[in-house]
Amino acid sequence: MIQATLLISLSCLSFYTLGSGVRRYDPGQGVTIQYLSLAPDTFDDAYVGCSEEMEEKAVLLLEKEMANHTRLRESWETAQKAWEQKRAGLTLPPGFRSQHGIAIMVYTNSSNTLYRELNQAVRTGGGSWESYMKHFPFKALHFYLTRALQLLRGGGGCSREPRQEVFRGVRRIHFVPKSVGDSIRLGQFASSSLDEAVACGFGSATFFSLRTCSGAPIQALSVFPEEREVLIPPYEVFVVSNFSKDGNKSLMTLSSSDQMCSHFNCAYLGEKKRPSCEFVPIGGQGDSLSKGAFSLLSWKTLLLASWGFQLLGAGL
């Protein structure tokens, strides 16, 4: 199965560049090589235990941020009009609000560059809580998009339904794991496709075959439904199952650990950055866990590791 996956294609999907580790330039190949990691500088809030409070705060927060960011305001207004036409024909999960759908349409509209700005901010915006509060310009959009994926995917992670196989590629960057078996995060909102043929039309430098537990199918809400997109949140932890080189192409298989890890939780409400990335099951998202339960689960996970049980990321 793994070998078959790695032989899939020689020119594969490239939706958006992801960033997770140290970069170096290889002048002999004319490409950037980037090592995958747990992406410690990512803003990775999953809003565990505070999603309802954030729903209340985000309304005014979005207005404030749109007033300070012209492209955000224009993109949101365009998506809002499109959403009003699209929403009538959709069957949406309980709790799914218009803002969640609009956020997805904002993100998938590649006619503007807002998705790139958002992901650049996500990749680098988690250096500190103070930096997030002062300089992260998409707090409301990040919340709405994160919450949309949680609601569309549903609770329970892979305990509720099996890992979903998707494909993703990146042009101009060769992503490399430090070793097979590493735990890594993609470190941004990462687009992928259910359709390998679609995936192979987007790039060739790095090809990922992924099995995700928290990626959500957004085809019905996307500006480009024909891409059969599955959007993966920044906090999902993957294990590198296999890696190979085929000429100047990197081929990698990632399998979800069915865990998320976050340095941040409810940051906008005052929760500071944790010194280590705390692991909890993917099923414990939104308000299904309290903030206290999130911390307790994380502490127990680390304790089990010290007793010699398997912990994803222990070798990093």
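In case you wondered, yes, glycine gets a Cβ from its N, Cα and C as well.
Take the candidates Cys12, Cys50; Swiss-Prot pairs Cys266 in a disulfide bond with Cys50. Among Tyr47, Tyr107, Tyr268, only Tyr107 appears in Swiss-Prot as part of the NAD(+) site alongside Arg168, Gln188, Ser222. Between Asn68 (N-linked glycosylation site) and Tyr107 (NAD(+) binding site), the C-alpha separation comes to 18 Å. Taking all protein chains in view, 13 other C-beta atoms sit within 10 angstroms of the C-beta of Asn248 (N-linked glycosylation site). For Asn109 (N-linked glycosylation site), the nearest of the recorded positions Arg168, Gln188, Glu229 in terms of C-alpha separation is Glu229. Overall, the recorded NAD(+)-binding residues Tyr107, Arg168, Gln188, Ser222 cover a maximum inter-Cα distance of 18 Å.
Checking each of the recorded positions Gln188, Ser191, Glu229 against Cys266 (disulfide bond) by C-alpha distance, the shortest gap belongs to Gln188. Considering only the disulfide-bonded residues Cys50, Cys266, the Cβ with the fewest other Cβ atoms within 10 Å is that of Cys266.
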